[in-house]
Amino acid sequence: MSSTESPSRAADKSPRQQVDRLLEGLRWRRLEEPLGFIKVLQWLFAIFAFGSCGSYSGETGAMVRCNNEAKDVSSIIVLFGYPFRLHRIEYEMPLCDDDSSSKTMHLMGDFSAPAEFFVTLGIFSFFYTMAALVVYLRFHKLYTENKRFPLVDFCVTVSFTFFWLVAAAAWGKGLTDVKGATRPSSLTAAMSVCHGEEAVCSAGATPSMGLANISVLFGFINFFLWAGNCWFVFKETPWHGQGQDQGQGPSQESAAEQGAVEKQ
């Protein structure tokens, strides 16, 4: 019995030992340094950015009351959300004629480009920062000895900084257009039944855009985080060391010349 149980116990312990070895190899103190701590913030705020934008949904509406007593008051409720292709969202406009009951209408505008770019950038930032944290914590010696890793990290960090600025600004402008297109007054202005004398239209509840506004704020926070991290990543590159060597070179030579003059 003991001979049969020993292989099974060894098989059970081997995955645990591998996990323990992996956790022991992680240098958690790297998270206390700016290079690792900012990466954690970038990872978190990337989740907040694409999560708040990608999960947004709202509704707008209006009330149409026909002067014809045969028809009741019609309530129009239009649901919209990410990716904000408003021109594909349908709603039924009531008609006050006796012949037909309603007409299919669409919201105006397509704002999917800035929204999808914003969410895609957040997802890429999430995966890159997660991979960078693994390198910092597990393979930091390889990161410091191989000069290509800091150079690649610096170039990618600068690129993400630029893209976050563009994405946050573009999505901020797109969100402003979304607010204008989904405003209840815009909804009533687009319905022809509201321009005649056969009906009276009133605006419904204004859409709550709080989560979408926060997503724009998270976008600019990501920009500042990536911009601030550029300096700390640059310090790990060979370019920073060359700048220090060039700055110290003339001072050391002048000190040597002064020592030679004093000896003479």
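Counting begins at 1 with the first residue displayed.
Positions of Cβ are set from backbone N, Cα and C atoms, glycine also.
Here is what Swiss-Prot records for this protein:
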type     : residues : note
DOMAIN   : 30-238   : domain 'MARVEL'
CARBOHYD : ASN213   : N-linked glycosylation site
REGION   : 242-264  : region 'Disordered'
TOPO_DOM : 1-33     : topological domain 'Cytoplasmic'
TOPO_DOM : 55-116   : topological domain 'Vesicular'
TOPO_DOM : 138-150  : topological domain 'Cytoplasmic'
TOPO_DOM : 172-213  : topological domain 'Vesicular'
TOPO_DOM : 235-264  : topological domain 'Cytoplasmic'
TRANSMEM : 34-54    : transmembrane segment
TRANSMEM : 117-137  : transmembrane segment
TRANSMEM : 151-171  : transmembrane segment
TRANSMEM : 214-234  : transmembrane segment
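Across the topological domain 'Vesicular' (172-213), the DSSP tally of helix, strand and coil residues reads 25 helix, 5 strand, 12 coil. When Cβ-Cβ distances below 8 Å are used as the criterion, the transmembrane segment (214-234) is approached by residues 34-35, 38-39, 41-42, 45-46, 48-49, 52-53, 56, 118, 122, 125, 150, 153-154, 157-158, 160-161, 164-165, 167-168, 171-172, 175, 240 of the same chain, each at least six residues removed from its ends. Its Cβ placed at the centre, ASN213 (N-linked glycosylation site) has 15 other Cβ atoms within 10 Å. Mean model confidence of the topological domain 'Cytoplasmic' (1-33) amounts to 59 (pLDDT, 0 to 100 scale).
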